[in-house]
Amino acid sequence: MSIKIALLGCGTVGTQVARLLSEKNALLSARAGADLELIGIAVSNLAAERDPAIDRALITTDAAGLIEQADVVIELIGGIEPPRTLIRHALESGASVVTGNKALLAEHGPELYDLAKEKKVDLYYEAAVAGAVPVVYAVRESLAGDSVKAIKGILNGTTNYILDEMTTKGLTFDEVLATAQELGYAEADPTADVDGFDAAAKIAILASLAFHKRVSLADVDVEGIRSITDADIEAATKNGYVIKLVATATQAGGKIETRVAPSLVPVSHPLASIGGSFNAVVIEAESADRLMFYGRGAGGAPTASAVLSDVVAAAAKKVLGGRAPQEIVLGESEFMDAGESVSRYFVRLQVADRVGVLAEVTDAFAEAGVSISAVNQEVDGQPGLAALAITTHAASAADMAATIEAVGKISDVHEVVRVFRVEDE
Ligand code: HSE
């Protein structure tokens with residue numbers, strides 16, 4: 001038996017998928033229980049230079065025609081259109097689909113899951129979250145006997161690389177971004193990575209799987225890393241923290257909270273040691289307790305590894321019958337109000353170095369009901385000024401906002417420099 005595979009897109013990941021499908025064909029076919037046959041690669045530019053691993057005879061611009069002959073369609077174009085239309089066409093034609101398209105799933109996943117269900121075909125997306133790290137499978141299948149309470153992850157390699165270089169080499173955000181672009185880590189338009197949307201799409205996908213509720217990109221509170229300064233990094237380091245872009249999904253009392261924000265991670269936390277462009281995901285489950293997954297979240301061969309695991313699974317289902325695990329939605333999604341969100345905070349202030357300032361500031365925290373766990377004061381670079389770094393116990397975002405408003409009105413407070421959330425150990 002032969003399973004016909006169509007590949008849409010021949011960029012960094014698509015090229016490696018085609019190479020590995022050819023080089024490892026015997027092994028992958030044995031696992032699938034059928035000959036895996038790559039019948040074509042749809043591209044938009046026929047004339048573009050290709051890796052020598054690509055058989056040019058397979059290249060076509062007729063994506064729709066290719067889809068109609070395939071049993072399994074791999075979508076690695078990225079973006080919303082044309083992938084949305086092409087995936088719909090594949091599902092309607094009776095092909096199972098494998099995609100790494102996190103943006104599409106986080107915005108239009110439900111219509112595609114519904115269509116796959118209606119057409120009795122499967123939609124796989126291991127490569128959409130954390131590249132090679134098998135976290136989709138883990139949440140959907142390995143933890144099917146448990147209840148996930150929280151997921152925290154470093155889900156974007158570009159931003160982790162930038163923050164790591166800023167921390168370890170003392171470089172500025174702009175300097176590291178330029179190098180990341182030269183090295184090909186960051187896109188020419190780095191918005192999706194740097195402003196947090198790539199990580200937000202991934203945490204939305206994981207939250208949907210973990211909590212059996214529909215969570216889309218728009219439900220994620222997103223803040224990126226553009227405004228992080230070397231002074232932020234220095235203050236974090238001095239106080240025993242590392243700044244990481246942390247993606248969080250929690251469910252408590254039936255309410256979901258999903259967020260991406262630069263956060264202070266204690267150096268002893270498992271996410272603190274994740275360096276370079278690596279990804280890591282920490283899952284807190286009711287019975288399993290804490291699990292951690294780590295690996296390459298991007299790159300051609302690592303992401304192709306995840307794509308091909310889905311291809312083997314999709315092909316095996318075509319051979320043996322049966323269906324892949326379906327989307328499970330247990331009721332309407334209820335989200336936590338932004339003000340109810342609870343965490344510890346780290347606040348940096350620039351104040352006049354005068355008698356009584358500290359008391360005024362700490363009084364403002366007390367009046368808003370926010371408990372302080374540590375205060376550090378240093379002489380600021382400028383004469384007559386002091387830099388205050390205040391760490392709090394857990395407080396609601398609403399109480400914290402009231403505190404910051406009150407602190408900002410104190411005449412001896414020159415500037416509320418920065419407010420970070422602080423992760424628990
Ligand atoms: N650009 C992403 C990253 C990989 O830097 O992690 C694809 O989502």
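Using N, Cα and C of the backbone, Cβ positions are placed for all residues, glycine too.
Heads up, TrEMBL stuff is auto-annotated, nobody curated it.
Going by TrEMBL, these are the annotated features:
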type     : residues                             : note
ACT_SITE : K202                                 : active site, proton donor
BINDING  : L8, G9, C10, G11, T12, V13, G14, T15 : NADP(+) binding site
BINDING  : K102                                 : NADPH binding site
BINDING  : E187                                 : L-homoserine binding site
DOMAIN   : 346-421                              : domain 'ACT'
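Positions of the features from TrEMBL, shown on the structure.
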| residue | record | CB count, 10 Å |
| --- | --- | --- |
| L8 | NADP(+) binding site | 25 |
| G9 | NADP(+) binding site | 24 |
| C10 | NADP(+) binding site | 23 |
| G11 | NADP(+) binding site | 13 |
| T12 | NADP(+) binding site | 16 |
| V13 | NADP(+) binding site | 24 |
| G14 | NADP(+) binding site | 27 |
| T15 | NADP(+) binding site | 21 |
| E187 | L-homoserine binding site | 14 |
| K202 | active site, proton donor | 31 |
Taking the recorded NADP(+) site as L8, G9, C10, G11, T12, V13, G14, T15, identify the other residues of that chain whose CB atom sits within 8 Å of the mean position of the site's CB atoms, giving them in sequence order.
L7, Q16, V17, A18, L76, I77
Integer Cα-Cα distance in angstrom, G11 (NADP(+) binding site) to E187 (L-homoserine binding site):
13
Taking Cα-Cα distance, which of the binding-site residues L8, C10, T12, K102, E187 are within 10 Å of K202 (active site, proton donor)?
K102
Please report the distance from the Cα of L8 (NADP(+) binding site) to the Cα of the residue listed as 'L-homoserine binding site', rounded to the nearest angstrom.
20
Quick check for the class: what is the C-alpha distance, in angstrom and rounded, between E187 (L-homoserine binding site) and T15 (NADP(+) binding site)?
18
Under 8 Å Cβ-Cβ from K102 (NADPH binding site), six or more apart in the same chain: what's there?
Y125, A128, V129, D198, A201, K202, I205
Could you give me the DSSP helix, strand and coil counts for the domain 'ACT' (346-421)?
23 helix, 34 strand, 19 coil
Average pLDDT across the domain 'ACT' (346-421)?
95
Give the helix, strand or coil assignment DSSP yields for L8 (NADP(+) binding site).
strand
